[in-house]
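Heads up: the structure comes next, in structure tokens.
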């Protein structure tokens, strides 16, 4: 039946709104008691005695509200918002906002990071927001990056240590706050806009995360639009989880389209995009929070698509916690199992649902998409996976396009030449290999080096076989010649493959393992594995550089920034290794060209995203690593120059021993570097451990407050 154009729909949860109001009132009451005024006197003092505020924060400026002018300001502190001063200031040089509270006295002495001694307190066992570094760790440059983040938080990541995260709920602490009221209210777009948004989602946003059956989701949207027309709640006749899925899809589409439309480097633009997309997410979350009864497949799907939105908006902490809940629901539903009775008795059951085949395939899709996400969250955050391979007995979904699926089974017996579900299946297979690398190569147990290297070789051999099995449109065909959907899938798998190679071989680029592979370069074919790691980094950086010119492609994957980070880090680490063990001139020239490419991608990483994104913190860490690489390059050049001049001078003295000028020249030569800094630096990189790479991966996800020794 044809429906009229709907006007608007609202999802209202009065109880939720009441709790939010009470929470705000309570926070306001506490702030009136605890928050001092700018001049240090109580709020009861006359406003005329308080200093004039010359600059308001971005939040107060946008709302034209009174601002205390501090960092963070009183208003942002009460509301738990990120307080920033990034808006353009047209009255001369912008004043630096004073801190809201005087800084506490330091508990430990700050040691200069340039002190070369390995006994420096900064290299002792330390804790940085829960991340521990033992005395043999070579992450001194990472410590410097943390200190830069802490001391320059207003420039790089103003929300990181502003104090606002202490007022946020546990599961969202440190993430960017929502750009809307937390009351679960929103309005659906009109019919045409809503239908176009869902079509856009399946055509553009899915890539390898194909969870849903398109026709089924379209049916849910039509039912919601019918509810709007009849004045019923959106979830009427559908259930909370199904309505939540539709709203989360609208949130993802809205955010993606706004990001592509703006393509700006200013954080205010991302805030504008979030102000349009966050209300859909909040409404979707309110629906899942109100869900009652036993879990269903849609219960897991609704939360999984919420995780995707949180990851795309760089809210990693909340995404991690919501994904944990999602994994528990999936385990309760047994999505990791084949389903026994359903699998064996499907053809004989007469009482089965008409959507049996579609439901079974969506169960498999949901689990394997969650497995892919789990894998990347694990390597990015440096935390264990939720799903263990030994507990999984589920096969992959059938390679059948949505339009070829019926409740009874596939509508055709012929295999599709270019099935868009191929990408999801191959991505899941690749994730299994990466998970094995994490277990065997990065194991925290004491394992001999040669066993780790052998495990890496086995995994890379499996990666080669995986790549050889790709269909042409995902492997050998140039992505630019493909239709947009397949181009995005091909690019995603290329980046994922490069990351897998890097993930397998990067632990052996530095430390004693790096020396092992360097010696193997001269004695055996094992040196090609180091070259393969560098080659994978090169391909990844070239791909990212080309993606930078295509806004729709660059924002297609939430993990692009992480892969870029890994590739750039490999280049700089190889530059450090090259300075320690110089090779052929051709190798040095190739590495110099690759370093230039890495520098360019680092600049793009710093410019292309908002200050609230983890990529800004990635940039700080990479910049410190780049400085370390260039510093060692300069030391190597200085040493080479000193040796050359010294040899020339000694030769000249021997040929003219009574030449006073020659003797004076010889006496004026600089001595070869004999200080301890060079040796300590070499010891630092020799002590690089496998777990140091995991600390490097998760470095930008920690929220820096202070650096202190840990005493037992």
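The backbone N, Cα and C atoms fix where each Cβ goes, glycine too.
Nobody curates TrEMBL annotations by hand; they come from automatic prediction.
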(request) Write down the single range among 556-574, 575-593, 594-612, 613-631 that appears in TrEMBL as transmembrane segment. (result) 556-574
(message) For the transmembrane segment (556-574), give me same-chain residues lying six or more residues beyond its boundaries with a C-beta closer than 8 angstroms to one of its C-beta atoms, as numbers and ranges.
(response) 204-205, 207, 308, 311-312, 376, 379-380, 488, 491-492, 495-496, 498-499, 502-503, 506, 509-510, 530, 533-534, 536-538, 540-541, 544, 547, 591, 594-595, 597-598, 601-602, 605, 609, 613-615, 618, 621-622, 625-626, 628-629, 696-697, 700
(request) For the domain 'Zn(2)-C6 fungal-type' (56-85), jot down how many residues DSSP puts in helix, in strand and in coil. (result) 12 helix, 1 strand, 17 coil
